[in-house]
């Protein structure tokens, strides 16, 4: 049997955590032969800690053969001790009447502290995925707060946007989603992100040629993907927790086990490619192998695409400047 992998999940008793933990413990994220130890972080208030205890009881009651141990805590340094993978799900949600900049600052406090704790106690090759919104900027804050860790260890989740775009293309084409490859989602995990199917294929045939409808792209496809989260809240009365958890599992699984040459979207620190300012955590097409990701380079960017990329980059740079005074 392999040695267990230590996986930390923050916000572990929340909606996404609840949709996530049982799938991790069953082996869906790291493989059916890989034992895991779950290190679960929740807020220190009594209600959150009681809810966490209940989730841990349920995990015990599943008798997962791969679940080699659990820790439940309100202390980030306990949760992050010697971890291999961190899923930073917990974040301050936007309250009524709260400005986006206030939300940024509230979350900056959380992710500064969590970045520092990762820096202090996590394994040096820890893989960090930030799910809690605003995910790109929260990942940037955590990365900047962990100067002893490689910036490439920090990623933000764009996979939900990627999966949403895949399903919209499959519906439009009337084809199974599994045959679609080479989709890209550029930018921020926000309504400004840009789903780009110019290079995408369905069973090897160009999707751009098959759809050939720029009006549909601009007025239906891009806004549908961008506003999907809001549409789900309106329909369900709750945010998209199960699909977010599913995307987190996809992201980490591909990062750890490899994407088999397929393009996937990850929010990663820019190396300056495509004119994106260095260090900004931005959605890019990547391939993954042996636990490392590589950017897909040198894709042509037309004027239509450049306009969208510029817009989402401007939003990210504005977010970054809004928290830069906290990062020294």
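From the backbone N, Cα and C atoms, a Cβ is placed for every residue, glycine too.
Quick look at what Swiss-Prot annotates:
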type	residues	note
ACT_SITE	189	active site, proton acceptor
BINDING	11, 12, 13, 14, 15, 16, 17, 107, 114, 131, 132, 133	NAD(+) binding site
BINDING	94, 100, 133, 164	substrate binding site
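Residue 17 (NAD(+) binding site) falls within a helix when secondary structure is assigned with DSSP. Residue 133 (substrate binding site) sits 14 Å from residue 114 (NAD(+) binding site), taking the Cα positions as reference. Cβ neighbour count within 10 Å across all protein chains ranks 164 highest among the binding-site residues 100, 164. Burial estimate for the binding-site residues (114, 133): highest at 114, by number of other CB atoms within 10 Å. Looking only at Cα atoms, residue 13 (NAD(+) binding site) sits nearest to 94 among the recorded positions 94, 100, 164, 189. A separation of roughly 15 Å, to the nearest angstrom, links the Cα atoms of residue 11 (NAD(+) binding site) and residue 94 (substrate binding site). Sequence-distant neighbours of residue 94 (substrate binding site) (same chain, six or more apart, CB under 8 Å from its CB) are 100, 103, listed in sequence order.
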